[in-house]
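Here is the structure we will look at, set down as structure tokens.
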Amino acid sequence: MTRQKTLHCGPGAISCGLMRIPKSLRRNYRHSPGYYSFIFTSIIKMGRQKTPDLYRAPFPLYTVRVHRDTGLVITAGGGGAVKTGIKNGVHFLRLECVGGHVTASLAHSFDTDTHPTMNMELGADVIAAGQDANCCLLRFKEVTSKEEPNKESPAKKGAANNQGPRKRKPGGSHSGATESNGGKTLKDTTTQIAVEKLQEVQTDFSSEGLQKALRFSSDLSLLVTGGADGHIRVWEYPTMTKKLDFKAHEGEIEDLDISPNKKELVTVGRDFTCYVWKNDQLVTGLHWNENLPGIPDKMYRYQACRFGRVEDNKEALRLYTIQVPNKRDRKPPPCYITKWDGRTFLPLLTQTCGNEVISCLAISDYGTFLGLGTVTGSVAIYISFSLQRLYYVKEAHGIVVTDLAFIPETKSSRQLIGENEAVMLSVAVDSRCKLHSLPNRRSFPIWFVLLICALMIVASVLFLQYAFPGFI
């Protein structure tokens, strides 16, 4: 008789035949099409390697972010409070481009005890991490160790010289110790990462005890959190004084985002609604299907939302939302992306994005590209202008893609992006962090296209003149 293996995948996991599914993820996707068949086939899928691993953690990964200034990749997750032997932590990765290939190395590992980090945001050098029902603030910084040489008295120095050559300790020059070489002092200048816990506040008061989403304002003056109790809480940062607390949705909050000017807050709930708020006042509710009469209101629910800039128009603003089927079906209906005017909140364009249920959404620096992850482990990149798919890897991960992050388009990251238009990271419950590169699309200047057209016309005329003398 074959023995079944159980994979421990996170907090509150329950046994589902061949593997364990995190409680929070099970709650998020239990109504998704093909969810239960997905559970029983996940182990097989985890063996498929569509794209190489950039990094593999010793625990399930739930979130990933890239620090703009240092280029550090910060990813986190864990096995939860259950005694499964899987730790909880935050890992700091350094990316390097070696021979045209991007590699990752672990720079620092921070243990979060029994609290897995399910979501996080970066505010300069501070990580706001959602751990169970709390938001924990962690400050990190890169430090260079500079050890001072040992100062010995002249008597001891002379005594040491009289004893002949001193034996070198094992690993002397490679262990980071300071040595004297020909009168010159050699110091260890290895860059290390130091992490300190600043503060912790409770952000969810439901029986589930789970913070679902959080976002910093663009000027880092506010931190907004949403949890399983349906409440939005606005905190003054960095004092973490509560500024607002109001009931935004009946049930869990799936996602939220703040407009760049801090005037509007968009929230997504599991109650089929997506709302726009100013402070704690409701401005409007979004209706993505009002121009699609064949789709009833309760057939789809909102899954994610993100504001994005328009690259060639600084005054314009866009909002992107993801709609997924609410109930599973033998023949799953498609998911949808909707692009909204970020000022008037009127729908501009809606496109289908496949039959795989979308689990997460990310947007690039300049709002040019959208990244999508699915429940079945696939990853895709869409262009925001027309919502057309440019990149797709089926089942890049063997299980739910939990988070995505684009490499920021900064000078320090230019080498990592290389000749690609965009580079994106994805993490999943399979403990893997993968890198996805969108190659440059070939394009030609308009003058070159016009020149080719003119040459084709001339060639056609000459051919007709040769084939039919007297044609002109």
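A Cβ is built for glycine as well, from the same backbone N, Cα and C atoms used for every other residue.
Residues or ranges marked as compositional bias 'Basic and acidic residues' by TrEMBL: 146-155. The region 'Disordered' annotation in TrEMBL covers 146-187. Per TrEMBL, compositional bias 'Polar residues' is recorded for 175-187. Among the features that TrEMBL reports, repeat 'WD' is placed at 213-236, 246-278. The annotation transmembrane segment is assigned in TrEMBL to 366-385, 444-468.
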Write out how many residues of the repeat 'WD' (213-236) are helix, how many strand and how many coil, based on DSSP.
0 helix, 16 strand, 8 coil
Please indicate, using numbers and ranges, the residues of the same chain that are 6 or more beyond the transmembrane segment (366-385) and have a C-beta under 8 Å from a C-beta there.
29, 32, 34-35, 38, 45, 306, 308-311, 318, 320, 322, 337, 339, 353-354, 356-360, 391-404, 406, 409, 421-422, 424, 426, 428, 430, 434, 436, 438
Long-range environment of the repeat 'WD' (246-278) - Cβ separation under 8 angstroms, sequence gap at least 6:
27-28, 208, 212-219, 221-222, 224, 226-228, 230-232, 284-286, 288, 297-298, 300-307, 309, 317, 319, 321, 326, 342, 345, 361
Check the repeat 'WD' (246-278) for me and report the mean pLDDT.
96
Mind tallying the repeat 'WD' (246-278) by DSSP state, helix then strand then coil?
0 helix, 18 strand, 15 coil
